[in-house]
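Positions annotated as transmembrane segment by Swiss-Prot, on the basis of sequence analysis: 5-25, 45-65, 78-98, 122-142, 156-176, 192-212, 245-265, 271-291, 311-331.
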Amino acid sequence: MSEMLFFVITTIVKAVVILAVMASLAGLATYAERKVLAYMQRRVGPDMVGPAGVLQIVADMIKLFTKEDIVPANANKFIFLIAPLISAIAAFAALAPVPFLPEFEVFGHTIRPILADINVGVLYIAGVAAVCVFSPLAAGLASYNKFALISAARAVVALLSFEVVAGMALLSVVMVTSSLSLVDINNYQKGIFNWLIFKQPLAFVLFVMASFVECNRTPFCLTENETEIVAGYGTEYSGMRWAMFFIGEYTNMIAASIIITLLFLGGFNEFLFIPGALMIILKSSLVFFFFLWTRASWPHLRVDQLSMLCWKILLPLGILNVVITGFALLI
């Protein structure tokens with residue numbers, strides 16, 4: 001088998017595997033969130049379908065597949081129908097330059113668990129994250145619903161504000177590692193004292209907060225605040241189109257957990273006797289748990305509080321961090 005043919009086959013296989021695994025994990029994440037929140041609130045959570053309620057995911061999937069797909073009479077049908085697709089596609093597209101595991105060999109061929117090892121992976125992820133704003137915006141505008149429209153406006157304010165903060169955090173990482181490749185950034189962090197969480201703690205905090213906004217999670221969950229705007233931009237959606245928004249949201253959470261691990265927590269480098277593959281799974285799981293923990297612990301912020309936090313506090317801190325990093329590299 002020629003190298004080119006092997007490359008094409010492995011790329012197709014990797015794309016299918018990544019899509020299947022991430023879609024399955026997104027479903028499992030909904031179950032994990034419900035159980036974690038139930039435990040923290042002294043409830044039982046899902047427990048009726050299957051052992052410990054684990055088959056609740058299958059029951060929910062069957063329910064959503066069999067629900068009627070309703071389009072409001074006054075909605076812009078084309079935009080209304082493609083908005084959920086934008087959410088899911090953008091979430092999966094962000095995974096292309098992410099190295100999930102260390103490389104390994106199969107029949108003498110080296111397999112790299114990454115779909116596209118591009119040398120501008122960080123820039124690519126920032127670009128795809130910027131595209132995510134079009135999904136709630138399109139859904140809110142096309143739904144012809146006041147709650148959806150307010151939610152869309154909130155989404156634009158939140159996402160555009162924190163894109164700048166995330167950019168400042170990523171710029172600090174790139175300055176330290178001298179690379180835009182996630183593989184190079186991972187390789188830079190060999191040894192626990194080289195983890196960028198210790199060299200760039202402020203950038204870590206800024207990027208985590210920006211990830212919460214990107215994933216629409218508490219305390220920055222302004223677009224789906226049930227007590228104010230019902231279900232936000234998804235109010236008029238039903239069935240699998242409604243589910244696609246949440247597949248995109250939970251895929252974003254999983255992707256953000258992996259990216260945070262690669263950028264700041266040593267990635268898949270080995271630690272003591274723990275192999276690299278297990279390390280990235282453990283660290284990403286802890287970051288994902290942190291997403292769930294905050295939902296059970298923190299209240300929502302108002303829109304004006306979010307904007308003030310971003311533009312008056314976090315952005316100046318991000319710029320200051322970049323300046324200090326630049327001076328430190330020159331010395």
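Sequential numbering from 1, following the chain as shown.
Backbone N, Cα and C define each Cβ position, glycine as well.
Taking Cβ pairs closer than 8 Å, the transmembrane segment (192-212) reaches residues 162-163, 165-166, 168-170, 172-173, 176-177, 185, 218-220, 256, 259-260, 263-266, 271, 291, 294, 314, 317-318, 321, 325 in its own chain, all 6 or more past its ends.
Of the two recorded stretches, the transmembrane segment (245-265) does not lie close to the transmembrane segment (45-65), with fewer than three CB pairs under 8 Å once pairs fewer than 6 apart in sequence are set aside.
Counting Cβ pairs under 8 Å that are 6 or more residues apart, the transmembrane segment (5-25) and the transmembrane segment (78-98) reach 3 or more and are in contact.
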